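Presented below is the structure to which this report refers.
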């Protein structure tokens with residue numbers, strides 16, 4: 001597939017709409033995912049639950065592992081890079097992955113900025129907890145958004161929170177005047193000024209950033225505001241994000257997947273929920289069926305039977321704020 005333009009990038013994202021993307025750590029798992037009906041796989045060395053348990057620094061996977069998985073399946077293969085780590089993204093583009101996930105599941109590389117994704121030919125997916133994060137990522141060039149949820153927990157509550165926050169923000173945006181929408185764009189743009197403000201404070205200067213001052217990838221604050229405003233106007237007009245929006249972070253059962261689809265998701269990412277369960281192939285098939293038939297409770301009920309033990313979940317209240325992955329990159 002020829003890659004490059006925003007239209008082509010978004011077109012690839014739409015190709016996986018209504019489907020399930022599954023995390024896989026080896027060729028065998030990738031083949032199970034393909035057999036179960038996954039629309040794509042996410043190739044990585046460890047699923048989020050293992051990344052969470054191991055601690056330390058989580059980085060891009062070995063390119064050799066990703067290439068092995070790419071050679072083993074006929075469906076698209078995605079891979080993760082760290083937030084802001086442009087070089088990891090360039091490596092993934094060089095080996096030919098179909099999409100890059102600039103992911104909070106890995107340790108954040110840049111404390112100030114995300115990758116400027118419009119410089120790349122390969123499409124990107126990024127996580128978002130709310131409309132502000134989604135709009136910033138879309139302006140930077142993301143072709144797909146997903147909820148962050150809380151990866152590796154098997155607990156759907158944070159994914160639900162993020163989808164509801166997104167839906168309510170879009171509903172409120174539609175009731176705003178264009179002038180009010182512009183005010184929202186100015187507020188969302190402030191995140192890009194943090195580096196300049198921090199440097200000025202360190203020099204004993206007022207932490208004020210002028211609108212004609214370049215602050216991110218050569219863009220001035222005014223240009224960023226205008227760019228975010230354009231994205232927000234499109235959201236207001238459409239009543240949804242202008243890109244595909246998937247659910248991710250805590251999906252562990254067919255019912256979880258169906259719930260997220262009912263809340264307006266265009267598809268589902270499943271990380272630890274499949275291969276940390278007792279019967280990965282049957283659970284994977286069931287989640288695919290539930291995602292396609294989310295509005296048919298009888299089918300969701302049928303596919304949920306006799307799947308064996310689901311992954312052991314984690315109560316979100318037992319995770320410290322510092323350990324929550326969702327706060328990486330806003």
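Just so it is clear, glycine is given a Cβ too, placed from its N, Cα and C backbone atoms.
Note that the coordinates shown come from a computational prediction; the quantities given were computed from them, not determined experimentally.
Among the candidates 127, 141, 152, the residue that Swiss-Prot names alongside 23, 250, 271, 272 for the D-ribose 5-phosphate site is 152. Neighbouring residues of the recorded D-ribose 5-phosphate site, listed in sequence order and excluding 23, 152, 250, 271, 272, comprise 47, 48, 49, 105, 151, 153, 154, 249, 251, 270, 273, 276 (Cβ within 8 Å of the Cβ centroid). Taking the Cβ of residue 250 (D-ribose 5-phosphate binding site) as centre and 10 Å as the limit, one finds 29 other Cβ atoms among all the protein chains shown. Cβ neighbour density within 10 Å is lowest for 164 among the recorded positions 80, 164. Proximity of residue 271 (D-ribose 5-phosphate binding site) to non-local residues of its own chain (separation of 6 or more, Cβ distance below 8 Å) is seen for 23, 42, 47, 48, 49, 105, 151, 152, 248, 249, 251, given in sequence order. A gap of 15 Å separates the Cα atoms of residue 272 (D-ribose 5-phosphate binding site) and residue 80 (active site, schiff-base intermediate with D-ribose 5-phosphate). The binding-site residues under consideration are 23, 272. Their Cβ neighbour counts within 10 Å are lowest for 272.
Site extent for D-ribose 5-phosphate: among the recorded binding residues 23, 152, 250, 271, 272, the largest C-alpha separation is 13 Å.
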